[in-house]
């Protein structure tokens, strides 16, 4: 090398280091599902579920443990309000915000993705430490935790009109929060070309062309000031106009454009955010390619050297895929071992989005393949179940290169010379291809391709149109309701009608508890539906891509219980009958499903993403459980899966990137008597987003009449041909029995056995196949030796083989019939075309939801109908009749197609019934805020909102329903009278939050007098029911329903909390509508007296301490517990911290102990303290969901609660011991009182009072004539008052 060339090299190097651009996309922090990221739901105004940090993080001077990620480019430490309350306003916001790009962002309909996770990955933490050091050289900072959120290819919200088209501008940006026990730093990263829009237009701009620049910065939010006031907290703003937004990627403050660093929190003293000030442009070292090529003859010890997986991918707080037992993927380990700042030996990107391929000048000159779609980072490059036997380690369809690198300064580049002496060719390795495939050599290796009439990946090929079977075993441990159930290699069989995409799966010998609980797990059988889905034009099913060797990982998370089930399914090739073998491993927990329940899963679509050797998908699915105990309940689970397989990267590559799998009919069933779990799914796969035309060809709709062993070939219009699959003969509508037709090739001493699409020759008794495998010859008879014919599996998969000396016998298993060599299910067909051979049928169709709901209630428990239960009425087609009536109460109402009651249609006994075929005439009133907002969103959605769109739900008066939900989902929260979300109420749960309205119903005339009608003599139950307080006398412990009456009519009120002072015989109650606490004497004509009417927002539960003459109450909006004398004097706050949604409260006067519940959906709990506010502690926090009701049982001296989430009534001793379940099948309890040996509770599903005996021997119910929610319940006794024990929200004994 000459000195001139050396000088030229350093000159070129100096030019390189002086050229600095913004940070590239592949250089931001790694993200995506393969790093365990959670994906935020698509939409215009979405907020993530809470991320509970493993260690607290300081923001400003305050410690926070929760983080929420929002669509609109922000992270907050608290659940966010609706976007209209902040997205179009200036900075600062009134709640804590970390804002890398606050604007009106929209990710609906696939317009980008948002990823987030917390991590303790050493790689991430070391990089964050280095970045902080660059911006704050004097700081001593070693992060212990990090939180990363990435907005990838997101769009601005815009209203598309007929005269305008959607904008193609998209943004990508990232925020990294690195922290330890003392400090917190924030990194904002804006990659090159990452910001294509710089602001958004307000939704309510009223045709005025105005665009608000994105707001970037930090705000602490409003802070408490004095006693009831709030003041603006500190904030720091980075942007002020459009140019300052553009500066985000054009400049930086740690020496690299697009990278901004801020010190945002400190444990001891912190006034405001401190930005880094290092603006000198630093050189950025180019990534160094450090590919490692293992030696050909590596050993297991060599593999261990590469087994250091980055813990970022195994973060226990994020999605985790269990590894297969046999992991032969060395390339996966290589990909995970690439040091920071270096690139793996494959095209690298930082997330699942598709970016431009590598510069083709860096590829070998002889590579003529098409550019590959880049892999997500941490993608598993090649994972397949087992190595091919007797094949060298590099027999993956690849090539071994000896690499010699030579730097050529004259050309200014590099020349890489490849020696291909060891190149794999068809001549050497053709045996790896299927016998129904041909082999093709390419410049870098060979690939296998299925022959005409077959489909697959070339290594494994199956005949087009032929039905297929799958056999395998299921093993693992599944936790059901706290009980671990072991599955010990039980059998799995699947049958797939490839011609129309129907896949049937049956798992036998499934123990009963897990059999019911696994009914929703259709994804187990869904794998076979995807593999052999009916292919629409321009699409490929799974088997056409993966063949018969792959590993499928699926991680299923159930909501609201967060149970997780890992499914690993490993395909191990085709057996000697050309059937697929799949091993299934289940590990984790699933929700409990009552025995006898049925599960319904609606049709849905799933998007599959395709990369080299990798296929991924993520979806959220709903299922409905119909049971006698709970009626119809809807639940949700999320499925994240990846499928890794052996790919051939030498030949032309498919340009396939995404496909949509459509599951159109889904049936699931557990047969208790046979212990068999069954799934049936009809599947089609096609291009993403392509609607199926109404006049689709029958081949693509599945409505053809071709035989199951024939392929439907589409012709013009509605015409089609039926073409027999390879190995079948006939007209395409009936296949030929080759044995009966004399078409077999069987020779002497053998007989023909017909098989689907083929036949088999079997030697007669006393003969066996010779060395050629075709000719039958006499056996060698030795007294100590005979041949076990069963070892060759001569019988059908649904038959048993029994061997005897010189012979064997095949016999079909129970439930099947045939000669043992071919067995058929004994059940007949259900559908003329659907061939549903496994499911409940009624006159040729499956049971509908109404019929299953009706039958489950009529059969009750143990076959005995439930007395007094409502039985839905179904029409001839199995649908809900428009008008439903309760046979026991005489009430009637109209329902929609799902059986849900239509508001305003209920009529009492004897009243004229409403015509359900006519729309309910709404009462005319001025348009409310709720109605205006709803109309505006309907217009925005084009009059056709989708299931994930939010629409405000308004009541008949136009006010906000207290419970608001996204579409038909179970993602719900509570709102106040202005539609603002109540913090801590958001949930993704089949049990909706117990929200109480804050607006009284409209005035009705004539108004009743607000005075007391005394209850009868003796003990009575008093219950709050909105605008009245009701009385239910007790005869002993039996409810005297005939003498029930109204104690006090309080029109315009919403009475929630109630308690009784036995000494002065006064009833006390809280009023949410009036924001007051009042009382009244139980004397004739007594009128209400307001005792507290200031500084109340949402007063709910209250309790009387009869011994100390004190009143206690909770306020669920201000999150306080207060106390005062019974006349309202001496008022003071007991607690105003660590409360989110306090509800029920009870006093044990004997010990002076106070108990209360907090139904915070993220962390529900039951607490206790002394009546003077001392010794506060958590009594119960595990195993509860929605603890609405609370009482003190003076008989057992235990605290008892009823939970609408777990549906259990439980008790515990005041010291936290002796916890026990009293009842486990409640419906929706709200309040409860203990009296004698009974518990009485109000139920929101029944809108009544339910009585339960402590010994579980008797139950009863009272349903008031006025059907509306009942709130708090208490007991009143006229002649006995023991002031040693005062009650709660609900009882006085």
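Placed from the backbone N, Cα and C atoms, the Cβ positions cover glycine too.
According to TrEMBL, the compositional bias 'Acidic residues' annotation covers 298-307. Summarising the annotation, TrEMBL assigns disulfide bond to 885-892, 965-972. Per TrEMBL, domain 'NIDO' is recorded for 100-267. The annotation domain 'EGF-like' is assigned in TrEMBL to 422-462, 735-777, 786-824. The annotation domain 'Nidogen G2 beta-barrel' is assigned in TrEMBL to 466-695. Annotation comment: TrEMBL describes 847-916, 927-995 as domain 'Thyroglobulin type-1'. Taken from TrEMBL, the feature signal peptide applies to 1-22.
TrEMBL feature annotations superimposed on the structure.
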residue : record         : CB count, 10 Å
885     : disulfide bond : 17
892     : disulfide bond : 19
965     : disulfide bond : 17
972     : disulfide bond : 20
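If you take the Cα of residue 972 (disulfide bond) and the Cα of residue 892 (disulfide bond), they are about 28 angstrom apart, rounded to a whole number. DSSP labels the residues of the domain 'EGF-like' (422-462) in these numbers: 7 helix, 17 strand, 17 coil.
For the domain 'Thyroglobulin type-1' (847-916), the mean pLDDT of the prediction comes to 75.
Taking the C-alpha positions, the distance from residue 885 (disulfide bond) to residue 965 (disulfide bond) comes to 27 Å. Cα spacing between residue 965 (disulfide bond) and residue 892 (disulfide bond): 26 Å, rounded to the nearest whole number.
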